[in-house]
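Student: So TrEMBL says this about it:
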- A:26-222: domain 'ABC transmembrane type-1' (DOMAIN)
- A:32-54: transmembrane segment (TRANSMEM)
- A:61-85: transmembrane segment (TRANSMEM)
- A:97-118: transmembrane segment (TRANSMEM)
- A:154-178: transmembrane segment (TRANSMEM)
- A:203-225: transmembrane segment (TRANSMEM)
Amino acid sequence: MDGFAEVLGQALALILSGDPDLVEIIGLSLRVTLSAVALGCVLGLPLGAVAGAFRFPGRAAVVVLMNALMGLPPVVVGLLVYLSLSASGPLGVLGLLYTPAAMIVAQTVLVTPIIAALTRQVVEDLHGEYAEQFASLGVGPAHRVAALLWDARYSLLTVVLAGFGRAVAEVGAVIIVGGNINHVTRVMTTTIALETSKGNLELALALGVVLLALALTVNAAVMALRASAVRAAYA
Amino acid sequence: MREVRMHADEPFCGAPLLRRGLTPVPLAEARDLTLRADGQALLDGVSCSFAAGRRTVVMGANGSGKSLLLRLMHGLIRPTSGTVLWRGAPLDRRARARQALVFQTPVMLRRSVLANLRFALAVRGVPRCARRARAEAALEQARLTALAHRPARVLSGGEQQRLAIARALACRPELLLLDEPTASLDPASTALIEQAVDAAHADGVTVALVTHDAGQARRLADDIVFLHAGRVAEHGPAAQVLSRPRSEAARAWLEGRLHLGP
């Protein structure tokens, strides 16, 4: 117990001192995760909205696929992205392997189905309320998708949060395609794994505390925003 | 004076013109509309019309097909058989844009009152620069200006219904379809809705309104379509239908008796 308290104290000291290595790792983690979530939103939100708002042949299969892909094993995604980006792979010429860009690609593959599938559910529910009014007004497809996404924006914050949670805590895929290279592709989760195995528990725990604080802060902010939106009947 | 037709199989198309011996073209017309679901006829050979510039009130008991008729006339659902005509031609997308439907339960977007209006105008292709002024004018007419920036969904039922009517009228329809707009509203809210309907009619909008309320029919109707069990039981000028109903269903309804028979 004393050992744990001592390590925790050292970890907190590391955080409070603004250790450059720690800051660099946190910065890269946020850059990779936020980029992946942003890309996931660009792809997943419209995809989910279309699946939620329209009936088309094969829609049921698309919905099943989206839901199934929510549970993609990160290491499998990492392996597939690795094979695609490796020198002999179809995207090898891009030279992205073992770069933050490769990690962004892997995380985007992981979070896009989550965002798309959850968006589909949110939009489908809202469309159920709006469908007759939209039909009466003669709302076209593009207008319909845009309106549904805008009006569901507070509910979709939770969806984006789910994507963020998946991405920021992810370790399997990014360690395969990023290689966990010091000062290049080392992010919070991969560093925690590495430093723990090396016995460097202060840094691992410091990163764990930051990761936890980050998750709590983002969750609290989104929930507060959503609660105010609910009070205003916007959600 | 010629006798005005009042039977379901003889569509009525505007009493004043008929009285002058003219043949009016109805703005919207149902010809032999039948709608079936699960083998049951929800509407059965309904023929009636909404004459231009008049207020047609559609009456009848629950389940008689009033709301379905409005949705069919607006093109929201397709009939099993029969035709909906707009100015004598089959109802199409362009014709539908000349109509506006207000639902019994108003559908408010998760936006402000003003944004709800601006959305409808945007969808109808009103230029961005004109939307705000037109939306504000509609709010003023509906006496909702003070609530312009409030979330639409926190308004009272009566305010939401007035907003729904304002939104519909902001699109400048030729035909305003209202599906029980005052159901479950208090008399004050009902009066405001009826004033809005009157004002729209005075501006030249043709009105078709579904109601259960015989008093409201007396106050608002120029013409009445009375549905019973999915069929037109009465169709004619309000004065005649209300004073000399031919069908037992309409007679019982207007006398406040319970009519449970076919």
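Glycine too: its Cβ is placed from the backbone N, Cα and C atoms.
Caution: TrEMBL annotation is automatic and unverified by curators.
Give me the structural setting of these features: burial, nearby parts and distances.
Tutor: Remote same-chain partners of the transmembrane segment (A:97-118), defined as residues 6 or more beyond its termini with a Cβ less than 8 Å from a stretch Cβ, comprise 28, 31-33, 35-37, 39-41, 43-45, 47-48, 51, 63, 66-67, 69-70, 72, 74, 77-78, 80-82, 85-87, 158-160, 162-164, 166-167, 170, 173-174, 176-179, 181, 184-185, 187.
Distant neighbours of the transmembrane segment (A:154-178): 29, 32-34, 36-37, 40-41, 44-45, 73-75, 77-79, 81-82, 85, 97-100, 102-103, 105-107, 109-111, 114-115, 118-119, 122, 126, 184-190, 192-193, 211, 214-215, 218-219, 222, 225-226, 229-230, 234-235; these residues of the same chain sit at least 6 beyond its ends, with a Cβ under 8 Å from one of its Cβ atoms.
Within the chain, the transmembrane segment (A:203-225) has long-range Cβ neighbours (under 8 A, six or more residues past its boundaries) at 7-8, 10-12, 14-15, 19, 21-22, 25-26, 154, 157-158, 161, 164-165, 168-169, 188-189, 191-192, 195-196.
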